[in-house]
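As recorded in Swiss-Prot:
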- Lys18, Val19, Ser20, Gly21, Gly61, Arg65, Thr168, Gln169, Tyr174, Asp177: ATP binding site (BINDING)
- Gly60, Asp80, Thr141, Gly142, Asn143, Pro144, Phe145, Phe146, Thr147, Thr148: UMP binding site (BINDING)
Amino acid sequence: MDGTDMTEQPVYKRVLLKVSGEALMGSREYGLDKAMVQTIASDIADVVAFGVEVCLVIGGGNIFRGVSAAASGMDRAQGDYIGMLATVMNALAMQAALEKLNVPTRVQSAIPMASVCEPYVRRRAQRHMEKGRVVIFAAGTGNPFFTTDTAAALRAAEMGCNVLLKGTQVDGVYAADPRKNPDAERYNELTYLDVLSRDLSVMDAAAISLCRENHLPIIVFNIHETGAFGRVIRGEGRFTRIVETQ
């Protein structure tokens with residue numbers, strides 16, 4: 001843990017943190033950066049220690065992307081299933097990092113693999129969280145053609161989370177990729193319709209629509225910034241908030 005100041009009351013009681021697979025790469029071009037995984041785990045541990053119930057959805061883009069494979073000629077459904085298995089690998093790596101910090105963690109997969117992790121069972125996941133355990137949801141929704149962002153929106157709604165936090169490699173939502181266009185406009189707050197009408201690259205339309213229908217706010221922040229997760233939980237730091245109305 002990094003000693004983040006968590007003396008102020010958290011704004012949220014139960015949250016879902018979506019971590020992209022790419023965020024786990026750190027400065028690498030492929031796979032997992034162990035130091036980055038441990039840093040993110042440390043931030044999660046600080047938030048859990050403050051009494052916040054946390055669940056996660058982790059992407060698999062650092063290992064395999066079904067959409068990219070489909071563009072290269074692979075059957076899309078087959079590619080998506082491979083991508084789902086990649087998320088299980090990432091989930092197990094994050095579980096190991098959290099348990100190294102003595103944070104009790106369970107992995108639940110939408111694709112049953114009993115010898116590796118628990119199957120996804122909604123009520124069991126809720127009980128885990130009530131007992132202070134972190135739950136990592138793996139294998140997306142278990143269905144091809146759905147992104148892990150949509151899986152995050154679905155699980156957040158099922159778990160009754162107060163907010164969906166998307167940890168990315170930049171500190172919010174921009175009109176264009178700020179790493180390619182330093183002058184890109186940054187937004188502090190947007191509505192769901194803003195994101196959809198402007199075709200902003202935050203989440204896919206299905207994920208945004210699911211959050212909108214369930215009145216689930218979305219917060220986008222830089223997960224590579226040490227302690228950022230804890231600051232967002234307290235309503236501090238730099239982030240973009242996506243809500244029904246501004």
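Placement of Cβ uses the backbone N, Cα and C atoms for every residue, glycine included.
Relative to Gly60 (UMP binding site), the binding-site residues with Cα atoms inside 10 Å are Ser20, the candidates having been Lys18, Ser20, Tyr174.
Taking the Cβ of Asn143 (UMP binding site) as centre and 10 Å as the limit, one finds 15 other Cβ atoms among all the protein chains shown.
When the Cα of Tyr174 (ATP binding site) is compared against those of the binding-site residues Thr141, Asn143, Phe145, Thr147, the shortest separation belongs to Thr147. If you take the C-beta of Thr147 (UMP binding site) and look for same-chain residues 6 or more apart in sequence within under 8 angstroms, you find Gly140, Met203, Asp204, Ala206, Ala207. Residue pairs drawn from Lys18, Val19, Ser20, Gly21, Gly61, Arg65, Thr168, Gln169, Tyr174, Asp177, the listed ATP binders, are separated by up to 23 Å at the Cα level. For Phe145 (UMP binding site), the same-chain residues 6+ apart in sequence whose C-beta sits under 8 angstroms from its C-beta are Arg76, Ala77, Asp80. Put plainly, the binding-site residues Gly60, Gly61 were compared by Cβ crowding within 10 Å, and the winner is Gly60.
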